[in-house]
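Taken from TrEMBL, the feature active site, schiff-base intermediate with DXP covers Lys122. According to TrEMBL, the feature 1-deoxy-D-xylulose 5-phosphate binding site maps to Gly183, Ala214, Gly215, Asn236, Thr237. Here TrEMBL flags 24-279 as domain 'Thiazole synthase ThiG'. Residues annotated as region 'Disordered' in TrEMBL: 1-22.
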Amino acid sequence: MATVTTPDDVRNDPDPDGGGPLIVGKHTLASRLIVGTGRYDTMDQMRDSLAASGADCVTVAVRRERLYDREGRNILDFIDGDRYTLLPNTAGCFNAADAIRAAKLGREILRTLGNPGADWVKLEVLGDSKTLLPDPIETVAACRELVDDGFSVLCYTSDCPVTALKLKQAGAASVMPAGSPIGSGQGLLNINNLRIILEYLKDDDPDYPVIIDAGVGTASDVSDAFELGADGVLLNTAIAHARDPILMASAMKHAAIAGRQAYLAGRIPRKLYGTASSPTEGVISTRPYGSQA
Ligand SMILES: CC(=O)[C@@H](O)[C@H](O)COP(=O)(O)O
């Protein structure tokens, strides 16, 4: 599949992908979807779902992930290192010190695997175990320290524009506002805040990558995120807990392509009144009930 940036790309490729690569720091990802590896019933199901999603970057929780299943199989045996770039994440950390430790551990694991992505991390510092909303103060502190240590930090945050801006200023390679709480499947709860984040972070820096992370419930949430102007979407639960994860993974892939292409194509403005979509010139019409003389 070719990448799409112009109408000619679409004309020349009947099965195009979604709007050019996603570039985050030194990393270039062909797919704009990043998918998680947790919460699957089996590792085989996870492997097949990752493949169906079309993602070429997958994130693994350094701290929480059971590295071995009941049969003693390692999760990394189910993630093809030639096909996927691994993005370690600090899920399950509730303060900056734990998150920094997890990030460094992730870096060591990647180095051991000879992975070129050894310097990057998805930073997640939670502030509340019920909502799983991030702690903005600890997140900014951890982001600063990891950036100083040479990490390329993809930073999970809430949909607060002020925090998003502070994280960009702290050196985050990408800011990743939540659509809604992790695992909630509520989709994009505060479209206005997400719009403001996109404006604040991208207006004088259009290539700065903003990735919507968490809360996706179904495919239309992914399209919505891209149609708003997000550069990427990270999701996990909506695929892993779907009745048919592999089919949902495929739906997510197509939703990402559709949303990104619609964003690039430019939607029509919403209007209060109707406009005939068939030509009216030369048509003999009777005035419908209620119309003005
Ligand atoms: C995998 C991961 O990093 C999650 O913490 C992430 O935020 C995804 O959230 P959902 O499970 O709601 O898609």
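Using N, Cα and C of the backbone, Cβ positions are placed for all residues, glycine too.
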Integer Å distance between the CA atoms belonging to Lys122 (active site, schiff-base intermediate with DXP) and Asn236 (1-deoxy-D-xylulose 5-phosphate binding site): 14
Alpha-carbon distance [Lys122 (active site, schiff-base intermediate with DXP); Gly215 (1-deoxy-D-xylulose 5-phosphate binding site)] in Å: 16
Which same-chain residues, if any, lie at least 6 apart from Ala214 (1-deoxy-D-xylulose 5-phosphate binding site) yet have Cβ under 8 Å of it: Tyr156, Ala178, Gly179, Ser180, Pro181, Ile182, Gly183, Leu234, Leu235
Gly183, Ala214, Gly215, Asn236, Thr237 excluded, remaining Cβ within 8 Å of their centroid (1-deoxy-D-xylulose 5-phosphate): Gly36, Pro181, Ile182, Ser184, Gly185, Val216, Leu235, Ala238
Three-class DSSP secondary structure - the residue listed as 'active site, schiff-base intermediate with DXP': strand
Mean of pLDDT values spanning the domain 'Thiazole synthase ThiG' (24-279): 94
The residue listed as 'active site, schiff-base intermediate with DXP' versus Thr237 (1-deoxy-D-xylulose 5-phosphate binding site) - Cα distance in angstrom: 17
Binding-site residues (Asn236, Thr237), the one with most neighbouring Cβ atoms at 10 Å: Asn236
Structural state of Asn236 (1-deoxy-D-xylulose 5-phosphate binding site), classified by DSSP into three states: coil
Cα-Cα distance maximum in Å, computed over every pair in Gly183, Ala214, Gly215, Asn236, Thr237 that the record assigns to 1-deoxy-D-xylulose 5-phosphate: 9
Densest Cβ neighbourhood among Gly183, Gly215 (binding-site residues), 10 Å radius: Gly215
